[in-house]
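Working notes, structure below.
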Amino acid sequence: MLYIAKRLAFYVLAAFVAITVNFFLPRLTPGDPASTIVATYSTTLNEESLAALRQAYGLTDDPLFQQYLTYLGNILRGDFGRSLSNFPAQVSDIIAAGIGWSVLLGLTSVLLSFVIGSALGALAAWRRGGIFDRVAPPVLLFLGSFPYFFLALLLFYFFCFKLKWFPMGNAYSSVNPPPFTLSGIGDVLYHLIAPAFTVVLVSLGPWTLNMRNAMIGVLSEDYLTLAEAKGLKPRRVLFSHAVRTALLPNVTALGAAIGGVFSGQLLTEIVFTYPGLGYSLMRAVSAVDYPLMQALFLIITLSVLAANFIVDTLYVLLDPRVRAGQGA
């Protein structure tokens with residue numbers, strides 16, 4: 001438990017630093033984000049409305065420390081201000097509309113990549129030197145060398161535009177989100193296949209190679225030789241002993257992958273016009289929407305920290321050596 005408490009303290013401190021940096025960066029750049037919207041509406045709004053607008057975007061004469069405390073309070077309440085490009089919409093409302101789709105696409109892609117890649121890597125190591133071991137890892141690494149954007153364009157052109165096997169974009173067919181029925185779920189999954197397949201193809205290589213290398217090291221351990229000498233079936237030795245131990249490095253990488261869901265699939269969402277946070281970030285950058293960009297960058301950072309803390313905790317539970325070493 002001491003190890004987990006130390007990791008929790010580290011991630012809380014890292015989150016505090018991220019929030020603080022997110023507050024100061026716009027204030028250290030020339031000008032201010034709110035000037036754009038104020039200049040736009042200065043000829044059509046009265047003095048009271050302009051004053052309220054400046055207050056909403058932090059253009060006040062309050063001391064910097066007071067602004068910081070106000071900012072922290074707003075963050076804790078989930079108040080990220082109003083969007084410049086979708087004024088007067090709340091940033092939190094825009095994020096709420098896209099975060100579910102990003103989580104669905106990201107977690108589906110990461111978990112599929114993790115499960116399939118780990119299985120392929122274990123098989124390649126178990127049959128080391130065979131045809132599968134010589135072909136599968138290099139091919140998957142070659143596919144992984146392509147940028148998300150390039151591979152997404154290829155898949156979009158052939159499977160969506162030419163063959164029309166999958167829809168051209170969006171997360172569902174109707175104007176509004178579909179109901180939670182079998183047909184609605186099927187429609188969402190149908191729109192999910194192409195972007196998820198893109199992320200999985202790019203990600204499979206590293207998962208497979210990492211698992212293969214870890215398995216090769218584990219297979220040379222004495223306790224596996226002892227297990228085989230006791231008469232255990234090779235399949236049981238593989239899954240009950242070798243795979244469980246070799247999986248630990250991939251479990252650690254899983255945390256970073258889950259935390260990087262929003263950032264890693266950004267270009268894929270753009271190509272397939274998938275309405276997640278990546279697509280929202282692209283629109284925010286194009287429109288120089290500082291409040292929305294700030295909120296999205298902060299969410300991405302905090303998601304990485306949260307995912308890594310969860311994986312650190314799982315690592316302790318999965319590996320008895322860590323518990324013994326830390327006195328947990």
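FYI, residue positions are counted from 1 along the chain as it appears here.
Including glycine, each Cβ sits where the backbone N, Cα and C put it.
Remember, TrEMBL labels are computer predictions, not curated facts.
Residues or ranges marked as transmembrane segment in TrEMBL: 7-25 (among others).
The transmembrane segment annotation in TrEMBL covers 94-126 (among others).
The domain 'ABC transmembrane type-1' feature in TrEMBL is assigned to 99-311.
Long-range contacts of the transmembrane segment (138-159) within its own chain (CB-CB distance under 8 A, at least 6 residues past either end) are made by residues 117, 120, 165-166, 168, 194-195, 197-199, 201-206, 208-209, 264-268, 270-272. Annotated transmembrane segment per TrEMBL: 138-159 (among others), in sequence order.
Remote same-chain partners of the transmembrane segment (188-209), defined as residues 6 or more beyond its termini with a Cβ less than 8 Å from a stretch Cβ, comprise 104-106, 108-110, 112-114, 116-118, 120-121, 124, 136-137, 140-146, 148, 151-152, 155-156, 159-160, 166-167, 170-173, 178, 250, 253, 257, 264-265, 268-269, 271-272, 274. According to TrEMBL, the transmembrane segment annotation covers 188-209 (among others).
Annotation source TrEMBL lists transmembrane segment at 246-272 (among others).
Look at TrEMBL and you will find 292-318 (among others) tagged as transmembrane segment.
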Long-range CB partners for the transmembrane segment (94-126) (under 8 A, at least six residues beyond its ends), listed in sequence order, are 80, 83, 86, 132-133, 136-137, 140, 171, 188, 192, 195-196, 199-200, 203-216, 219, 238, 242-243, 246-247, 250, 254, 257-258, 261-262, 264-265, 268-269, 274-280, 292, 295-296, 299
